[in-house]
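Down below is the structure, laid out as structure tokens.
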Amino acid sequence: MVSQGSSSSLLEALSSDFLACKICLEQLRVPKTLPCLHTYCQACLAQLAEGGHLRCPECREVVPVPPGGVAVFKTNFFVNGLLDLVTARAGGDLRAGKPACALCPLMGGTGTGGPATARCLDCADDLCQACADGHRCTRQTHAHRVVDLVGYRAGWYDEEARERQAAQCPQHPGEALRFLCQPCSQLLCRECRLDPHLDHPCLPLAEAVRARRPGLEELLAGVDSNLAELEAAWTVEKEALARLREQAAKVGMEVEEAAERVLRALLAQKQEVLGQLRAHVEAAEEAARGRLAELESREQVARTAATFARRVLSLGREAEILSLEGTIARRLRQLQGCPWAPGPSPCLLPQLELHPGLLDKSCHLLRLSFEEQQPQKDGGKDGAGTQGEDQDRTDKQGSGVQSKSGDVTKFHKEDGAQIQREDGAQTPKEDKAQISKEDGEAQPEKSGRSNRRRKFKARLKSLSREPSPAPPANLECSSLLPKPIFFCSFPTRMPGDKWSPRITGLCPFGPQEILVADEQNKVLKRFSLNGDYKGTVPVPEGCSPCSVASLRDTVAFSAGSRLYLISPDGEVKWRRALNHSQASHAVAALPSMDRVAVSVSGYVEVYNLEGSLATRFVPGGKANRGLRALVFLATSPQGNFVGSDWQQNRLVICNGLGQVIGEYGGPALHGCQPGSLSVDRKGYIFLTLREVNKVVVLDPKGSLLGDFLTAYHGLEKPRVTTMVDGRYLAVSLSNGTIHVFRVRSPDS
């Protein structure tokens, strides 16, 4: 008897790939079962056997091949029975596309039998209507189950057919397997039972199953228990992996913040040292100018007296010489008695001294430490406690930070000396005195080096305590910021390039396409958003395109001191001369007005597609003429202009009339000059900061929202950016690579 499974379970087994060989991917033929319980065709296993072993294609377990070959492996009668059922449902002999009766040819008829309309589940034969009626009227077959063939083919009687199905003996065709030889554990038909196994104790199949089922069920229960343990272990591993990824992301952000603090401190030290250098040089130059003026004055006096005395001696008469002899002698003796003596403090030559740790390859400001994960009993509480303990330990060690390359920073106090920090901690009086002397007057070389090293260590100690620029209070929630989703990355160097690319301009070009201005190779390259190379847009000979923008079916770009408008096939529509005093000119498109804007010596000039100057203005009015230098330019969907002002180190937003409606020059710039600009469809501004490997995002009014991309996202000296389709930000790097990120808006 088949277990009380639903017909859907049997139908699922018949319709799934359960009956397909995983090697040839076809229906199993002569199915053989390996010790690992995976079943394959006998012929397929024979191809895998090599050196007396074969490896299971699914579980990769190595199985020894019996001496008699793969044919000795157990025949899977369970699969055979299902295959017989599938074959019977599919039909055997066909005549005109219909199954034929299996009994008509046995009754002396010629040819094949008549069309079958019924099936006997016990005999497994298709019957015509006459044979089906006779089948029910004989003594041997009156108890057989005869069913409608159409219903059988539809699967209505699958369960009933399985119950009446008998496994056939492979040694004696037509004989069903009925017994189990207990010593040999072999299935027997009546013929097998009478000859070699006559003296062996045998059991009918039903009785043998009842005897052996409890043992199998017990083993199955043990495997189910193992499965539950494996599932629990799998869950633990997945959770551990999730915690690892979460911690890695957190550590990555900490590394970014720590590196930014170090960089800001180094930039601050750079400005401080350069300021000291300028002050020293200016003071030395002023003192030298005074000494030079005095030398010139004394030289003039001495030269005048000597010239007068020489003329008197050469041209004067005796009486004249003698009359002036006393006066000349006194003056010459007076001049000889006042020799020039250089000052006690000649010009001191500046020398740069680096902290030894910066040149020591074994000295790491950042270092990773690894701890075993502890099982979390109460999710958030344990995590919060661990974070608090780590923070306390970090503060005690002097601000430890973590990095992707590797290392936790630990700054130690040296010789008990305390240095003044940015947070207001006090310094011993002798250190203050030394610092003040260092700033005001020359100190011995040893003392100067010591002071500089102390100040350098003090700066390092204060790095991790220096807060990052915070966004406005109502924007501190990170969910209000646009988020980057990495899309793809591709190089822009092509086989025909003579030099490494220097990308100076990017712009969208048609649907999901980017136009790249490669100034080094003097070419405009086309790439799909996926990085597929689409060819070039020809440019006039000798032109090195700098900034580029596309509008309708035209391309505008600046090259040298000219602005060009060309067609995609390279035809020049017009060219305009620009100011020669500016090295590069930023170009931006105004799609809503079919115009092109270009920055020229503090102005913004706007041209229509015919090449006529439509308007010209100075951001902020003519009073700011000469006070602004827009090196990068972009336009917003609202029709506003956004520019990077290198003259005032600010980002400026103005309307079409030149009125400034927003500016930003806050601490998020880190003292860097604002770089390339892009604006998405919602008006968010993406500003590139090349020196610190960042792209920050601002709202349409110019208020800082926070970091959008950092070195953690693979940014290494970003140059220019562009927004494609209003939602893909393309960023070019100094090495010619372009990264593409999809911008996920806060409300998506």
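We number each residue from 1, going along the chain as drawn.
The backbone N, Cα and C atoms fix where each Cβ goes, glycine too.
Listed features, source TrEMBL:
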| type | residues | note |
| --- | --- | --- |
| COILED | 227-298 | coiled coil |
| COMPBIAS | 397-406 | compositional bias 'Polar residues' |
| COMPBIAS | 407-448 | compositional bias 'Basic and acidic residues' |
| COMPBIAS | 449-462 | compositional bias 'Basic residues' |
| DOMAIN | 21-60 | domain 'RING-type' |
| DOMAIN | 164-205 | domain 'B box-type' |
| REGION | 371-475 | region 'Disordered' |
The domain 'RING-type' (21-60) - residue tally per DSSP class, helix then strand then coil: 7 helix, 11 strand, 22 coil
Counts of helix, strand and coil residues, the domain 'B box-type' (164-205), according to DSSP: 7 helix, 11 strand, 24 coil
Per-residue pLDDT averaged over the coiled coil (227-298), given as an integer: 86
